[in-house]
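Participant: Got a structure for you, questions after.
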Amino acid sequence: MADSSGYKEYLAGLIAGVATVGIGHPFDTVKVKMQKHNTSAQGITYRNSLHCTARVLRTEGIKGLYRGATSSFVGMAFESSLLFGMYSQMKQSLQGSAQGVGPQPQVIIPSAAYSGAVISFILCPSELVKCRMQIQGTDSVVPMSRRYGSPLDCALTTVKNDGVRGIFRGGFTTLLREGIGNSVFFSVYEYVRYYMHLQLRSASPDHRNLIDVGVGIASGGLGGIAFWLAVLPLDVAKTIIQTTQDKNSSRNPFHILSSIYRSAGLKGCYIGLGPTIVRAFPANAAAIVTWEVAIKLLGIKRD
């Protein structure tokens, strides 16, 4: 997939991460608020994602949808840098001399799963801060005395009250989500990209850049949707684990999902599906297109 370009692959991933947050964070805020409120016995229950979005915009304006974005920008920048960089280099290493023969599941899945597992250690604390900031504001059930003034205040207070272990609350669930989700994402991305290019290989060279962008949008967007369809229940469990005020509550995602399933059925395990899918296509399409453009500009060779 790439030559030994070292830092360039990580730089391309970092740029892709910034693009992802810029486009996707408002949808993520709606998803998190719905997951928190619609699984809790306290506070308002949102009818749908539009109801949630309208309430946030009416009371806080557009800045309410970007609540927690600071930690998300930092986390996603480093996460995407490592994810795309490690995936590219591990995939190249596993392929060896078999590069250019089409997608290989035995190469894609371990490369993606390993990269996803590693980035979960960065994502867990940044997402804990992001989620705790996002559930403040409109319709929040968090008492005013326990609200955070900024993402930094949230991180420092969490460490002070709960120790380092507290900032990594939900780590196992995040690892599962990222390992499984990225295996699905990169599998769909690689196959869609390969077969679309195969179908369009006879197109005029004059339209090559336009075709590359179109393929990037489709492969990235479909990969993003597949990611979230596969792991949204784990994300629901992660949100509950990371935002609970009870230090002694369960951190077992399967125990939490079992409880949700008993009370709300399969639909309860997929709370926030609407804004998640609406976000998944444009955010991941932007990430892939930005990544691929950055790869070209940085002079990295691809298979």
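Placed from the backbone N, Cα and C atoms, the Cβ positions cover glycine too.
Annotated repeat 'Solcar' per TrEMBL: 4-93, 103-195, 211-297, in sequence order. The transmembrane segment annotation in TrEMBL covers 65-87, 107-124, 210-231.
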Participant: Could you count the residues of the repeat 'Solcar' (211-297) that DSSP puts in helix, in strand and in coil?
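Facilitator: Split into helix, strand and coil, the repeat 'Solcar' (211-297) gives 75 helix, 0 strand, 12 coil.
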Participant: Using DSSP, break the repeat 'Solcar' (103-195) down into helix, strand and coil residues and give each count.
Facilitator: 75 helix, 0 strand, 18 coil
Participant: Residues sitting near the transmembrane segment (65-87): Cβ under 8 Å, six or more positions beyond its termini, same chain?
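Facilitator: For the transmembrane segment (65-87), the sequence-distant neighbours (Cβ-Cβ under 8 Å, at least 6 residues beyond its ends) are 9-14, 16-18, 20-21, 25-26, 28-30, 53, 56-57, 111-112, 114-116, 118-119, 122-123, 125-127, 129-134, 136-137, 150-151, 154-155, 182, 186, 287, 291.
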